[in-house]
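Here is what TrEMBL records for this protein:
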type	residues	note
REPEAT	47-88	repeat 'WD'
REPEAT	89-130	repeat 'WD'
REPEAT	131-172	repeat 'WD'
REPEAT	200-241	repeat 'WD'
REPEAT	244-285	repeat 'WD'
DOMAIN	340-584	domain 'COPA/B second beta-propeller'
DOMAIN	625-772	domain 'COPA/B TPR'
DOMAIN	815-1219	domain 'Coatomer alpha subunit C-terminal'
REGION	867-896	region 'Disordered'
COMPBIAS	867-887	compositional bias 'Acidic residues'
Amino acid sequence: MLTKFETKSNRVKGLSFHAKRPWILASLHSGVIQLWDYRMGTLIDRFDEHDGPVRGVHFHMSQPLFVSGGDDYKIKVWNYKLHRCLFTLLGHLDYIRTVQFHHEHPWIVSASDDQTIRIWNWQSRTCISVLTGHNHYVMCASFHPKEDLVVSASLDQTVRVWDIGSLRKKTVSPADDILRLSQMNTDLFGGVDSVVKYVLEGHDRGVNWAAFHPTLPLIVSGADDRQVKLWRMNETKAWEVDTLRGHMNNVSCVMFHAKQDIIVSNSEDKSIRVWDVTKRTGLQTFRREHDRFWILAAHPEMNLLAAGHDSGMIVFKLERERPAFAVSGDSLFYAKDRFLRYYEFSTQREAQVIPIRRPGSTTLNQSPRTLSYSPTENAVLICSDVDGGSYELYVIPKDSIGRGDSLQEAKRGLGSSAIFVARNRFAVLDKGNNQVLIKNLKNEVVKKSGLPVPTDAIFYAGTGNLLCRSEDRVVIFDLQQRIVLGDLQTPFVKYIVWSNDMESVALLSKHAIIITNKKLVHQCTLHETIRVKSGGWDDNGVFIYTTLNHIKYCLPNGDSGIIRTLDVPIYITKVSGNTLFCLDRDGKNRTVVIDATEYIFKLSLLRKRYDHVMSMIRNSQLCGEAMIAYLQQKGFPEVALHFVKDEKTRFNLALESGNIQIAVASAKEIDDKDHWYRLGVEALRQGNAGIVEYAYQKTKNFERLSFLYLITGNLEKLSKMLKIAEVKNDVMGQFHNALYLGDIQERVKILENSGHLPLAYITASVHGLQDVAERLAAELGDDVPPLPEGKEPSLLMPSAPVLCGGDWPLLRVMKGIFEGGLDSGIGRGAVDEEEEGVEGDWGEDLDVVDVDGLQNDDVTAILEDGEVAEENEEEGGWDLEDLELPPEADTPKVSGNARSSVFVAPTLGMPVSQIWIQRSSLAAEHAAAGNFDTAMRLLSRQLGIRNFAPLKLMFLDLDTGSRSYLRAFASAPVVSLAVERGWNESASPNVRGPPALVFNSSQLDEKVNAGYKATTAGKFTEALRLFLNILHTIPLIVVESRREVDEVKELIIIAKEYVLGLQMELRRKEMKDNPVRQQELAAYFTHCNLRTPHLRLALQNAMSVCFKAKNMATAANFASRLLETNPTNENQAKTARQVLQAAERNMTDASQLNYDFRNPFVVCGATHVPIYRGQKDVSCPYCTTRFIPSQEGQLCTICDLAVVGADASGLLCSPSQIR
């Protein structure tokens, strides 16, 4: 049983598959009807108008309708597109058990506990026939798929077959229905339209279900007597053929399978059973723990079944439908209908090769699963699930292709997967011993080889190599050298597809595709919501794959897209140009022609084959929102520009690609404030002052204009802005402009006119305008403000601009590949010849609305109104006054000649941080580059670290320490410089070294010595902090040589031992009231791997603790161990001897300790109990501390970083480990 989809819900009483869409209806005991998409696994809709359980539900074959019947005596017809009930059919007087649409006529049949079956016309919405005769609840009723028959089952222990032929003959017009109803009412129990043809008696209890065979004259029924009965009928009579026994409780539903000779039944005994119709025996049983089954449904066209139970439903298949096949060059070998067949791609010729004999199958799923072919020996290996996994080896006679009659005895053997690994050798997986057996063509074992990981399947990976799959990883294993060539963690892999050159491999799991190279180095991963079915590589290195309903592609960088949709799933066998060769589920060869334009275009972009891109843009119909978004996302807005007609999109793309000309043209077309503003911002970024000014004029943004004139040093226009502010009576604007100009008299005048006399007086006094100050003082009288004492006034003047007037100088850059080359009339390529610079409207000036509401196009007009005239001193360029010039000359040019040297910003180089992480697998270097997430992933993979809190500050230190910052000058941003490790003056400026790191091994040595000193001095908390800090720093250390790597690993062990010992000692000191535990902890401390001086102190400590507690034998052991270390301190030696003497008189222990010094042990890092040799334990993947098994999955209490028992590849702290 292959479960495709499962739901959790209330009890499911009715099920129905949609004929075309991947939908299933489930009606629940709670009264709700659910509509599920079983392919996506999502709930699409729910309908809840019934009151009480809904026991029957059915989709119409072609209309967007379904019908439901419930315990509220109502039959409802729903339109699922409109999400509502269309109408309700009333007439039954008790619970309705089943409802079904007729496949052809507008009829519905319903069965009810009122002991009748009714047939309704859903178009006229009337009941057209009542079938009476049962004398107990009618549990189900259904139409025959082809003939005019209805079968019904009832608790009166009978199955009845009704002939409704006369109903078909009568017309089905509404008027007739009404007439017929009145006839029916005259004789309610004798409706002439439908007559009982047969009554099938044989069950001892009530019958719950009966169903017709889709093609043969058979009926199957299931009843409360726990039996399934098979009946046959002819024109005149019906009789019982056989009884199938096996269910332990009432059989609730039973049906024939449309495609195979089997019966499927389910029951309240919590099982689904599959029976062989011809042999009348049970094939298989599927059980659930706690849920009784109530209903079965079969898909009208696909090989899918569904079953409803107490807590939901399952959609499942009984057998795999994927044909087993193997491709070799131009040939395809595949298994179909118990024959091995051959197909030639070039000629599309197919032929039968040899029959594959199957033993009389006693269960399902006996068909071939995989097929492996050796072209030189013309041999085929076929694997199947027979006998729990076995293989058959056939050697095909040279002349037999096409004849397909030569029967030969296959060489058989057990093994869950078998593949050819060389010309005349094949590997068979022995799962039980986790090894492969290499066999020759005589089926004799040549050699055995153990596998590096627990393997449940093997695949071909080149001559002499195997790809081994375990639950969560795949490994490439060399059978000759017995070494692992590659290893990758993946979701559970189902199939693998090698590229034609064996350089790349695609690993297909249920919902993901992982693409790697031949050494399993990860290249990209794709996730799919719908199941992935198959795949193949095309000649360009693009992976084409199929899901249940699409053909899709995946580029080498992980970009993917849809090529076309599918009606039925197919399995790709080969991709050749734009033709896909594939097998369908019936084992038929099909060719599908695909349009490869989109992915070839993206591939050309990716591989920088711009000549291809150009020709494709010119010749193809590539367009659409998705393609534009893709080009934008990939950094080719200038290419996207050639596809777009919409002005707003063109404007956005032009800004993104820095093409100011097109942006100006589009901004004019759109002409709204927001677009002009954004154009101004981009022009300012490019230093194109002329266009910035024009954009600000269009938006009448005077403040920005004034500031622009200030930074470009255009004082003349600034003074005009001052006059405009005056005319507009904008006091703040006047003051700002006067400030920008450094015009003190003007500022005093503005302050005075606006009534700020004290401020005007101070301004005049500070700037030495004495006569004005005196005049203002006289006006102020006694209110003269005091001036600040002892301060030196300074003149507030605008700073000199970096560059006076004009545009910023731009780099001359060669035209981009897509510039000009595409101007030949694609979309609106670039601006026309006449529009070469910018249009004539550019002479347009400030549109200023003056005080009277009059709109003026010229600053001079405003000035004249204000009776102020000024000499016109400007020439050409940005002329605000001289309107007598021809309009073109008045246009501000986009810098340079628009045709010959369009400014293309130079392409950005790769950021240093990216260069650093590109080739590095060292976590410290990723952290220094600021890529914390990849650093964390590396540490997690290498050392099993999950708790990164203690490392946070170190990450930040590494990031800050790998860069230096320079201030250029006040108005420029700070320049960030990368600091490299091992840099010298002779180094090439273009080659980047690895980042400088703030942590190094010499610092660790200092910390270790400090830790030793603190331990000797008895400062245990301080010592513990230092050793923990060492453990936290080591993952972020980088050393150069292998010798240093060994030293770092040694340091981990030292730090770990001290942390464990110090933690126990500190815990012992906290325990005042538990002398036994105190002695145990003191004893364990002496078994940590400490330096000799510290070991002596620990032994002396343990000796005195045990002596005081009258544990003489244990104290004597510590005393003799202490003396063995030859203590230099005479006091220590003396005390030890005295303890030994005292113990000799009384060699006993007052209390029993969990401590046996004769049996070697290690101490658990979390619970501090001994783990004696031979006991099970788990260890921390980083610091190697050992723990009792119950600590698995917990955070290590010693290093506080890694998870106990996690998988990890080991410490990587030097480039020398990678080379």
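Note that Cβ sites are derived from N, Cα and C of the backbone, with glycine treated the same way.
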Query raised in the report: Do you know the DSSP helix, strand and coil residue counts for the repeat 'WD' (131-172)?
Result: 5 helix, 20 strand, 17 coil
Report summary line: Restricted to the repeat 'WD' (244-285), the mean pLDDT of the model is 91
Report task. Quickly jot the same-chain residues contacting the repeat 'WD' (47-88) by Cβ under 8 Å, restricted to those at least six beyond its ends, or write none. Result -> 13-19, 23, 25-33, 35, 94-101, 103, 108, 110-112, 120, 122, 125, 300
**Report entry** DSSP-assigned states of the repeat 'WD' (47-88) in counts, ordered helix, strand, coil
**Finding:** 0 helix, 23 strand, 19 coil
Query raised in the report: Can you tell me how the residues of the repeat 'WD' (200-241) break down into helix, strand and coil by DSSP?
Result: 0 helix, 25 strand, 17 coil
